[in-house]
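Presented below is the structure to which this report refers.
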Amino acid sequence: RFIAKPCAVNLGIQDSGPHRAQPNAILEKVFTSITKSPDGKRLEGLSKQLDWDVRKIQRWFRHRRNQDKPTTLTKFCESMWRFTFYLSIFFYGIRFLWTAPWFWDTRQCWYNYPFQPLTSRLYYYYILELAFYWSLMFSQFTDIKRKDFLIMFVHHLATIGLITFSYMNNMVRVGTLVLCLHDASDFLLEAAKLANYAKYQRLCDAFFMLFGVVFIVTRLGIYPFWILNTTLFESWELIGPYPSWWLFNGLLVTLQVLHVIWSYLIIRTASKALVRGKVSKDDRSDVESSSEEEDVTSNSTKGILSTSSNGSNRLNGHVAGGQWTGE
């Protein structure tokens with residue numbers, strides 16, 4: 001309210017919503033009580049009842065669905081909050097772990113386990129991360145619902161479970177490595193979205209490409225060969241198969257499966273960007289075009305992160321406003 005919103009206004013981002021649907025009591029009743037996406041048979045019936053063209057009724061429902069979506073200003077403020085948190089917690093984690101022996105030698109995570117001291121800096125690092133992921137869990141139900149809603153829900157459950165479980169079992173050393181690794185790419189994604197909302201296309205594309213590289217390197221490279229290696233093999237070698245070993249590693253492997261899925265989406269988006277010279281439409285976005293003609297042309301003109309909240313066509317190539325493929 002006091003920082004992000006003034007920044008957005010200075011960047012020329014307007015607090016204007018999508019095109020509002022023409023007031024109509026009959027269609028509004030159908031929308032709120034029956035269905036938000038009527039089928040062909042119902043459209044024909046409404047067309048006869050109102051003496052409207054079917055395409056006009058389809059357009060009305062499209063506008064009505066889109067008008068409930070948040071404005072670009074609202075999404076800018078949310079992304080700026082997440083960017084601030086991810087960036088701050090990442091540098092806090094790096095600064096804290098730089099002097100930690102287990103950052104350089106993962107076998108230190110298991111020496112003298114479970115009798116390892118819990119310092120105040122480590123405690124606050126854990127509590128901040130846990131609180132933030134709980135907030136994401138709740139806000140997911142109020143944000144725009146996207147195609148990977150279930151994947152994100154599973155991810156948040158796995159993350160909260162891992163943070164809580166590792167804290168209760170004093171596996172905080174390896175837990176800090178997992179947290180810091182995941183924060184390494186998230187602030188780049190939010191930076192790309194901020195640039196997109198502000199209509200800085202080249203900066204947006206650069207941040208997104210950098211995010212993709214960091215994400216794939218950390219999630220498909222460092223995570224399995226550094227984190228999973230120590231939790232699966234080094235822990236077994238040093239302290240043996242402890243009772244919670246299977247659950248702990250099961251959650252970590254679940255995260256790895258999600259990493260593979262998101263990496264595929266990122267690579268597909270990046271490949272489209274290289275072909276078209278811009279970041280292509282986000283397959284997770286549920287923002288709709290304002291007309292059927294736009295639905296046809298959007299495949300070759302819209303961007304993955306569409307800046308307009310009603311999904312209208314942007315010939316200047318600005319990418320879509322929602323979250324792409326991040327944590």
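Cβ atoms here come from the backbone N, Cα and C positions, even for glycine.
Keep in mind that TrEMBL annotations are predicted by a computer and have not been checked by a curator.
These numbers come from a predicted model, not from an experiment.
According to TrEMBL, the feature DNA-binding region maps to 29-72.
Feature annotation from TrEMBL assigns compositional bias 'Polar residues' to 301-315.
If you look up TrEMBL, you'll see 27-71 marked as domain 'Homeobox'.
According to TrEMBL, the feature domain 'TLC' maps to 74-275.
According to TrEMBL, the feature region 'Disordered' maps to 283-327.
Through the fold, the transmembrane segment (83-103) approaches residues 109, 121-122, 125, 128-129, 132, 173-174, 176-177, 179-180, 183-184, 186-187, 190-191, 194 of its own chain, all at least 6 residues removed from its boundaries and within a Cβ separation under 8 Å. Summarising the annotation, TrEMBL assigns transmembrane segment to 83-103 (among others).
The transmembrane segment annotation in TrEMBL covers 123-142 (among others). If one looks beyond the transmembrane segment (123-142) by at least 6 residues along the same chain, the residues whose Cβ comes under 8 Å of a Cβ in the stretch are 85, 89, 92-93, 96, 149, 152-153, 156-157, 159-160, 163-164, 167, 172, 175-176, 179.
What TrEMBL records for 207-226 (among others) is transmembrane segment.
Beyond its flanks by at least six residues, the transmembrane segment (246-267) meets 151, 154-155, 158-159, 161-162, 165-166, 169, 171, 178, 211-212, 215-216, 219-220, 223-224, 227-228, 231-232, 283-284, 324-326 of its own chain at Cβ-Cβ distances under 8 Å. Residues annotated as transmembrane segment in TrEMBL: 246-267 (among others).
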Model confidence over the DNA-binding region (29-72), averaged pLDDT: 82
Tally of DSSP helical, extended and coil residues in the DNA-binding region (29-72): 30 helix, 0 strand, 14 coil
